[in-house]
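What TrEMBL lists as active site is CYS71. Under the heading active site, proton donor, TrEMBL lists CYS71. Here TrEMBL flags CYS221 as active site, proton acceptor. Residues or ranges marked as substrate binding site in TrEMBL: ASN11, ASN62, GLY72, ASN73, ASN161, ASN194, GLU212, ARG213, GLY222, THR223.
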Amino acid sequence: MKFTKMHGCGNDYVYVNCFNETIDDPGKVAKFVSDRHFGIGSDGMICICPSDKADFRMAMYNSDGSEGAMCGNGVRCIAKYVYDYGLTDKTTITIETKAGIKELKLTVEDGKVTWVRVDMGAPIMEASEIPAIYDELDEIIDQPVIVDGKEYKITCVSMGNPHGVVFVDSVDDLDLEKIGPKFENHAMFPDRVNTEFIEVIDENTLKMRVWERGAGETLACGTGACASAYAAYLNHKTGKKVLVHLTGGDLQIEYDEEKNTIFMTGPATKVFDGEIELP
Ligand SMILES: N[C@H](CCC[C@H](N)C(=O)O)C(=O)O
């Protein structure tokens, strides 16, 4: 199987051009290639597929083989892939995902895509749609949750995939390996959850660490940065536009209230091309 290793702010995936490759059991292949010792090493696998509704279609799989509906860093990298490899010459493209069709605007320098702005769509707060269960609440905003004997306050947002946003005093002090899985598998999230731990630096800046559903701690999460920026705005901690410092880089997130949509702008980077024999 031919592949390209790419990342957005260090959130790395194995990208497969499914115009040329056929993958019978993508969940199993994702698990194999993601292994950092016995495989290629990545947070998961992303398939770039034809679409009858948009220019391209994304299918994303976590490193544990589970399928995710949406991936913010992934759609930016697909934009770079399809432009740089000549699958399109358009600088505004649409990508179909399991969370709807996203529009992306590409910045091209010296013939290559460097930067991508994505219309990520509306944040979803309805608990049943996330899905998240908290008493009879329709929306879960700044609610106490006890994890590992400690009380945290959580705000739940879907960006097409489920997120729990937790504001903390310092993200550096967290033992994510210990608390991450407890949030991910908490009884309030029937489909598990991606958890963002957020330190508010000032009204324009957030610092974030993430424990992703199906992948563990990753260096960045685009949908998570959007969910966190919206949660920070809802909780009156920031304005509508913030810079999010993630472990592997920065993303600019802007909530457009009039359109009720979130714009995410960030880098997309190719690491290398390769070929792997699948077991
Ligand atoms: N890293 C991705 C999100 C992956 C989400 C996945 N872990 C799930 O929802 O199961 C991003 O940049 O948005």
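Note: Cβ is positioned from N, Cα and C throughout, glycine not excepted.
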Cβ atoms near ASN11 (substrate binding site) (within 10 Å, other residues, all chains): 30
Remaining residues near the recorded substrate site, that is with C-beta within 8 Å of the centroid of the site residues ASN11, ASN62, GLY72, ASN73, ASN161, ASN194, GLU212, ARG213, GLY222, THR223: GLY68, MET70, CYS71, GLY74, VAL210, ALA215, THR218, CYS221, GLY224
Assigned element (helix, strand, coil) containing ASN11 (substrate binding site), judged by DSSP: strand
Where the record names ASN11, ASN62, GLY72, ASN73, ASN161, ASN194, GLU212, ARG213, GLY222, THR223 as binding substrate, the maximum Cα to Cα distance in Å: 16
10 Å Cα neighbourhood of the residue listed as 'active site': matching recorded positions from ASN161, GLU212, CYS221, GLY222: ASN161, CYS221, GLY222
Protein Cβ atoms within 10 Å of the residue listed as 'active site', excluding its own: 30
Nearest-integer angstrom distance between the alpha carbons (Cα) of ASN161 (substrate binding site) and the residue listed as 'active site, proton acceptor': 11
